[in-house]
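Novice: Sharing a structure below in structure tokens format, with a few things to ask.
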């Protein structure tokens, strides 16, 4: 406030100063509002860590107003079942995405196309049955991937191509029966692989993956137990402990399949045979060609007892041969020592024993002198 005796000029200058301060304050407020990212409704946002927590809210869709600078987005424990391909568009700064404990059954091919800086992806406990081979192609920095507790029956070839930074991978509790070694070849820096609680069929289809597991363990990778479900002889046994003799029949099976491929192929078969046409009255029914698929012969591996028996017999034979070699060496040493002792005693007796021819000549000389 101005003093009562102030001049009109002073009052004008003071009003102008207040007007300038007001304009500056308004501009600062507007800039602060524009710079402050909006937080989705009912979600919790941390401006320091750039984390948006929308977990446990019963969401059926991804909030559309997630700030573009978000680095961590938590969407676990919701009711997400189907996501559009643009659900995470313009979130190129996102590093961690958690979609665990939802009802997702499929993921669009390009849903993670903008997540070029993603390092951790959690998809645990969903209903995912299939994955597109290009799903993770645009996330080369991914380090941790959790696909456990889903309905995956197979992994498409090329799914992990380009994921050189991947350190841990969880495939536990799915419906995987076998895996292709080529699918895991690009994971040169993988350190932890979890594949337990799957219905593994330890047959020829898993032979190459067994070789890869041995190489993975040799270079220091950590791998949980891969327990066989089939065949019955191997049920509950760790795949890594199965002798390689169990897979000797695989080469024979491949030879049989290759030789069978040289035959002239017949008509394509169908799983369900079509219904036979009704014959006309008075006409004899014509035999219809069979279109049912022949049942594929299932080759079962050799018995575990037979393989173990072979190993035991080989060990016994090697042991017997070693014992015989030790006995022969001992006998040779004893014989050599006895012969050496005999020769020493013989040398000692030679000076004491006279020459019989010399004694006979001496007797002749004595008789001649006499």
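Every residue, even glycine, has its Cβ placed from backbone N, Cα and C.
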Novice: Tell me which range among 311-331, 332-352 Swiss-Prot lists as transmembrane segment.
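Specialist: The range carrying the transmembrane segment annotation in Swiss-Prot is 311-331.
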Novice: Short question: which residues 6 or more past the ends of the repeat 'LRR 3' (117-139) have a Cβ under 8 Å from it?
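Specialist: Distant contacts of the repeat 'LRR 3' (117-139): 76, 92-111, 145-153, 155-163, 165, 170.
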